[in-house]
């Protein structure tokens, strides 16, 4: 019961972040979110987060030591990614975040922002993509390429972690149909991607403002 309540709480937070991100990106327009959009986001985030957590728990239950490099690789990869893009852009260091902050204070704030960004992306696609060379620190363009790469790599990673769990599973899982569980988790992640595509293709409140829709973008 507590696990279900925790999942619902996290999914609700992710849903609210999605809606808030849309309103921030399109603050010049009157954004009206329909019930179908709420449903798609809820299903998308539910399948995505639940599957990701379950995969990590199963993997860590049989390969306790190896879960640390998996988590650290994910975390530091997403933590440094916005900084790498910022350094490649050769943009000046952001100075307009808060006038009262010094350069050191601004750096700390940006590190905390990317820290949060990395933590979210370990489990699900972040509703807001950090862009350090933008005055608002938010990437307001819809990057289908980055979205596609994220979900492809995440699906491959989940499949690999499940394979490792299947190979090294212990007697604890003697009464669990392991192939069926693996199949269910992979299908669940595919369902998350499906609901995400339905949301962006049909239910996004600002889909008419996209330069290209999901099918064209993919």
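Cβ coordinates are placed from backbone N, Cα and C, and glycine is handled just like the others.
Marked as transmembrane segment by TrEMBL: 66-84 (among others). Using a Cβ-Cβ cut-off under 8 Å and counting only residues 6 or more beyond its ends in the same chain, the transmembrane segment (66-84) has close neighbours at 56, 59-60, 114-115, 117-119, 121-122, 130-132, 161, 164.
Summarising the annotation, TrEMBL assigns transmembrane segment to 104-128 (among others).
The transmembrane segment annotation in TrEMBL covers 149-167 (among others). Long-range neighbours of the transmembrane segment (149-167) within the same chain, counting only residues 6 or more positions beyond its ends whose Cβ lies under 8 Å from a Cβ of the stretch, are 51-52, 55-56, 58-59, 61-63, 66, 70, 121, 125, 178-179, 182, 185-186, 189-190, 193, 196.
Feature annotation from TrEMBL assigns transmembrane segment to 173-200 (among others). Nonlocal intrachain contacts for the transmembrane segment (173-200), taken as residues 6+ away from its ends with a CB within less than 8 angstroms of a stretch CB, comprise 37, 40-41, 43-48, 50-52, 54-55, 125, 151, 154-155, 158-159, 162-163, 166, 207, 213-214.
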